[in-house]
Amino acid sequence: MNITKSYVVIFFLVMLTNSLSNSDILVSSVIETSKYDVCFIPCTRRYEDRECNDDCLAKDFNDGGCVDGRCCCKY
């Protein structure tokens, strides 16, 4: 019984540690895209910064570019 209890405690400690260690990665993308107003279409090799910027300007935004794999526009 005590061995099972120990395994359960260790399992939960590993899960807690893993969830806390991944939080820094998620926060960095939120901070980077917070400078932009709208993010949409995914950026690819054929749809890069220039195409993204052109689309943003066509939609009456002041600027645009690829951020974290998405086309983001700002006023």
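Backbone N, Cα and C define each Cβ position, glycine as well.
On a predicted model such as this, the values are computed, not experimentally measured, just so you know.
Per Swiss-Prot, signal peptide is recorded for 1-19. The feature disulfide bond is assigned by Swiss-Prot to Cys39-Cys73, Cys43-Cys66, Cys52-Cys71, Cys56-Cys72, with similarity to another entry given as support.
A strand conformation is recorded for Cys71 (disulfide bond) in the three-state DSSP classification. A helical conformation is recorded for Cys52 (disulfide bond) in the three-state DSSP classification. If you draw a 10 Å sphere around the CB of Cys56 (disulfide bond), it holds 23 other CB atoms from the protein chains shown. You'll find the Cα of Cys72 (disulfide bond) roughly 8 Å from the Cα of Cys52 (disulfide bond).
In the three-state DSSP scheme, Cys66 (disulfide bond) falls into the strand class.
The two recorded residues, Cys43 (disulfide bond) and Cys71 (disulfide bond), have Cα atoms 6 Å apart. Cα-Cα distance from Cys73 (disulfide bond) to Cys56 (disulfide bond): 6 Å (rounded to the nearest whole number). Around Cys66 (disulfide bond), the C-beta neighbours below 8 angstroms that are at least 6 residues distant in the chain are Cys43, Glu48, Asp49, Cys52, Cys72.
For the pair formed by Cys56 (disulfide bond) and Cys39 (disulfide bond), distance between Cα atoms is given as 10 Å, rounded to the nearest Å. For the disulfide-bonded residues Cys43, Cys52, the largest tally of other C-beta atoms within 10 A is found at Cys52.
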